Amino acid sequence: MLLVLLFTPLIPFLFAQQETTKPQLDKIQATTIIPGDIVLGGLFPVHERGEKTPCGNKIYNRGIQRMEAMMFAIDRINADPTILPNITLGAHIIDTCSRDTYALNQSLQFVTASALNNMVTANFECFDNSIPHTKNNYSGPVFGVVGGSYSSVSLQVANLLGLFRIPQISPASTAKALSDKNRFKYFARTVPPDTFQSSALVDIVKSVNWSYVSTVYSEGSYGEYGIEVFHREAQERNVCIATAEKVPSTADEKEFDSIIMKLKKKVNARGVILFTRAEDARRILMAAKRANASRHFYWIASDGWGKQQKLVEGIEEVAEGSITVELQSTNIPEFDTYMMTLIPEENKRNPWFEQYWEDFFQCTLPKNLPLETNYTFNICNEDLRLATEYGYEQESKVQFVVDAVYAFALALDKLNKDMCIDYEHQGVCPEMTRFDGGEFYESYILNLNFNDLVGSPVKFDKSGDGLARYDILNYQRLPNSSGYHYKVVGKWFDFLELNQEFLIFDHNLSTTPISACSLPCELGMIKKQQGDTCCWICDKCEDYEFLEDEFTCTDCGYGFWPYPDKTACYELEYFYMKWDSLFAIIPCVFSCLGIICTLIVIGLFIKNNDTPLVRASGRELSYMLLFGILLCYMNTFLLLAKPSLIICTTQRFGVGIGFSIIYGALLTKTNRISRIFDSASKSAKRPTFISPRSQVFITLLLITIQVLITVFWMVAEPPGTKFHYPTRQSVIPKCKMQDRSFIFSQLYNMLLITTCTVYAIKTRKIPENFNESKFIGFTMYTTCIIWLAFVPIYFGTGNSYQTQITTLCVATSMNATVALVCLYSPKVYIIVFHPDKNVRKLTMNSATYKKYNAQPSTSYATSSMELKGTPAEAIPLEKLGAATPSRSSCAGVQTDPRESREPSDDMSLL
């Protein structure tokens, strides 16, 4: 009441202000009034904005339909006895001319009506206690206002109406700011805020895989608030804004042409988001057509464009493929019937209907023809009616206008039932007229929950917002036709459901156009930013790296490899020598043959263990040497086996000891031969340590040195397994030892081989009857050649694990084979093929005998006598020409067979 008293002195000023606006409108009427017991205000954009005047002369089709929708709803409510019985709803409708400042000015009429009514009812009372009426153009207090359409209009008007606690329900204003109850306490709407619409637009952009778009928005709360939410959500979801252009409220063609030029500079931003009012959207399309950019841009538009046919009239080819958002609404069949019965002669309550009729049918009513004119006019036919064949289509917000009117009616009905229970006149009671508008909004309007004329639910949340449901439309060319239509391709209700199979951007284009600053990187490539977050160059990750994120390559690490999609790594399979590989089969076959041959020789020697040939060969050293050969052959299987602690430990002992047995025994033999013949030329004294037992002891001593070296090697470099990575994609488990240390461990064996070779060279000129030294010499020469070839090959194949292991196996087996063949093949030949020669029978070559007997200075003269069938036999010292105290010195040969002894083991083959 205090506000009313304060505002009352301003009423004359308000009337004066209204009067001053009338001349500006020329013949265009600004308001219309429908009397009633309760009056609802209405704000609709009946005319478009004028360039130099508040209102233009051009009628706005959507505004007329919304205005008629309000009157249609009032008619139905007044005819319904269940809603506000004995109470008639009236209307005070104002044309906002699509301009917020003008709408605010005109809305003062609502405030004036309420102020005058409050002033009268506060100071006057009728004798029958009825409501006093004033004699003016205002039929009664305005209980609430339906409108406005544009958010900019609602923002201005809501501030004013809020001061006077007048509730307002908008059927079309979607600005997010209107949800702020601190600023707009008594504002509600049957539509959702643009927050949801902006989310829907971002969802659409993401669904068509656009990451780089431009935006155009109208000046004012609708465009600015809507695009602000879009930008924020787009940034959160990695959609970049190439440029954002604002359309000023006073923009002319040059301004729109400039906007199109700026959009074209962003060549890769083919997608353009329009958050504009309808007339701005049309002028943007027209500017694109003037710039020959009809197929350059693809538009995604808010409900400011929606599914309006008038908006794209004449510029269909520019709008083709556009995706628009429209509040999900249902046509009200009764409203179509209502509109199709209207004619200008009868619809007198709508002062703008005649102009709408002439604009719709592009004709002139006979009553509006000028008296004198030189022009020919298209006179409207009396039989014309609004119909679909003439292009009539129910506007999408009609349902929400009707819902807003019904919301006020049902809330007033509830208020009437609560306040006027005992009122005897059954109508509007004084308590109802004096009821506080703010409480009416909070207690009645916000608590509404009903189904409208088409069965859709209507309710408001605590902020006064309606439910968020949107249709997704695609402006398409009709098949086999030059016509166009809006096709529903999806819907949005908390999330997007888009059927992309029905989506067509261009009837000549079968794929979705690309709108991206940079194309997505291929598999295994990362983005390197260049300026904008959506602009990058692609850089390839290394083969062994995976994508930690879209900007970072990370090494999988040795032993791991990335999956084909580069999202993670897996552990590589270990690569070790497989028994079925050619690198293993060849040394295994070689080794097996050697083992078989060695076992055959051992078997022959065991079977013929007491024969002269075997005994003369030095059985102990022969068996040790054969065991060493067998061990070398068996090392092949150790070297090829999968590495483990036991295998690696056994390998170290096996390779070194196998060689030390062979070359220790051979060194002992060659040393014995050398010492015997050296002593024979100097003294008649028998050399020491030439007995079989001594020879075995010396050989074991030589082997023990290698064992100690290996043990020391074990301590210095503990055995175990390690992984070798010849390439990043290969993992080879190997024994934990360096190639260098392996060669060092064999230095002792090399020393044995070298020494043995030296002795073999020294004894190369002994009598031919003692020709085993020659076989030993040949063995050692061949062994040296093998080792000289093996060492560089072994180190040279360090990067080829298979080749290196195969080389080591073959080299080991070849050393054993050389010893086996060179030393034992002559003996095996005699044992197997000439057993008749394996006897003690001696023969004397007199020429040889005489030759060596003629050299008295030689203590150990060499006899030409040989055991028959034993080509490599050594003659006992007693039977060489050595003089002994107990025997005659006749060439040192016991000629009497009866006095001869069986050859003992110390009569070994040298």
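Any Cβ shown, glycine's included, is placed from N, Cα and C.
Looking at the stretches 257-278, 279-300, 653-674, the one that TrEMBL records under the feature transmembrane segment is 653-674. If you count C-beta pairs under 8 angstroms between the transmembrane segment (695-716) and each of 582-606, 621-641, 653-674, 773-795, the highest count goes to 653-674. Taking residue pairs at least 6 apart in sequence, the transmembrane segment (621-641) and the transmembrane segment (773-795) share fewer than three C-beta contacts under 8 angstroms. Same-chain residues lying 6 or more positions outside the transmembrane segment (582-606) and placing a CB less than 8 Å from one of its CB atoms are 614, 619, 622-623, 626, 629-630, 633-634, 636-637, 640, 802-803, 805-806, 809-810, 813, 816-817, 820, 824, 828, 831-832.
In this model, the domain 'G-protein coupled receptors family 3 profile' (583-847) carries an average pLDDT of 79.
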